[in-house]
Amino acid sequence: MEKYSLNQTFSFDLQIASFDIPSSAVYPIFITGILVYFFSVLSNVTILLLIATQRSLHKPMFYILFSLPLNDLIGITAMFPRMLVDIVTKKHTVYYPLCVLQAFLIHMFGGGTLFILAAMAFDRYIAICKPLRYHSIMTPLTVAGILLLAWGLDFAIILVLFLLQARVRRCRNVIMTVYCSNVSLLNLSCGEDVTINNIYGLSITVFMHIITLTIQLFSYIQILLTCVLNKQSNAKTKAVNTCLAQIIVFLIFEMVSLFTLIAYRLPNISTSARNACGMMIFLILPVVNPVIYGMKTKDIRITFFQVIKKKLSST
């Protein structure tokens, strides 16, 4: 019996799918991927540091926003570096516990994105529709409760998903996608009945989308009505600017997710194309989110340039 074997057929050293990349394109793709990854890390860490260190951003809105780049870093780091290493080394193997960890983190990223955007929408609803009561409602305790609920609910839901998956006996050693997920781990099973897993997975997907979409629709409809009824043009402009970034991010997430679901159900699309569509969910948002919020959020944009100007003047 091998060192890491669970039974006669399952080994902790799993084979994982790879992209069909010509040899001449390996290093250009690797270098491009490294640049994209470092840009995402640098830009998201910049947002985090600005919110953490600049007193002008110590407000409820930005405390909640802090979770978004943090979540993006979790998503892209869980998925992208291992894939880049595989492209160069061409080993295409993954250690089972690391595969489970990757799957857990990328599922956390997907759910976290929905819950955090819902929390941000609720904050904007209070700020624009109930401005005089904003500070009495969005107290530090309330903000902490919202963040704890978003992260805690996401963690609990995904933890149950993986506890159900862990009970399944495994006989296969091949991950059919280029990254690990709950579905790809279930496909390692010995042909056992995974109906409960599938029902729970579908149920939490529907639950998270219905809950978060309801919160966002309610918030933005109320904000829109407030803008229409408020005759002050500056108030309307402020409302649009503070909400536009969140709406753009949510639409990008939903469109990429929908495109991926369609790609996996079209028989004429190659496996590599399907894998590329799947990884876009964990790649696009961590790259574009800091750019969107840097451009569309006035306070962050102004604070960023003030910090740069201060650094240049001190040198």
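The chain as shown is numbered from 1 upward.
Positions of Cβ are set from backbone N, Cα and C atoms, glycine also.
Note that the coordinates shown come from a computational prediction; the quantities given were computed from them, not determined experimentally.
Noted in TrEMBL for the protein shown:
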- 25-50: transmembrane segment (TRANSMEM)
- 43-293: domain 'G-protein coupled receptors family 1 profile' (DOMAIN)
- 62-80: transmembrane segment (TRANSMEM)
- 100-122: transmembrane segment (TRANSMEM)
- 143-164: transmembrane segment (TRANSMEM)
- 206-230: transmembrane segment (TRANSMEM)
- 242-266: transmembrane segment (TRANSMEM)
- 272-292: transmembrane segment (TRANSMEM)
Could you name the stretch, out of 100-122, 242-266, 272-292, with the greatest number of CB pairs under 8 A to the transmembrane segment (206-230)?
100-122
Hey, does the transmembrane segment (62-80) touch the transmembrane segment (143-164), meaning at least 3 C-beta pairs closer than 8 angstroms, sequence gap 6 or more?
yes
Would you mind giving the whole-number mean pLDDT across the domain 'G-protein coupled receptors family 1 profile' (43-293)?
87
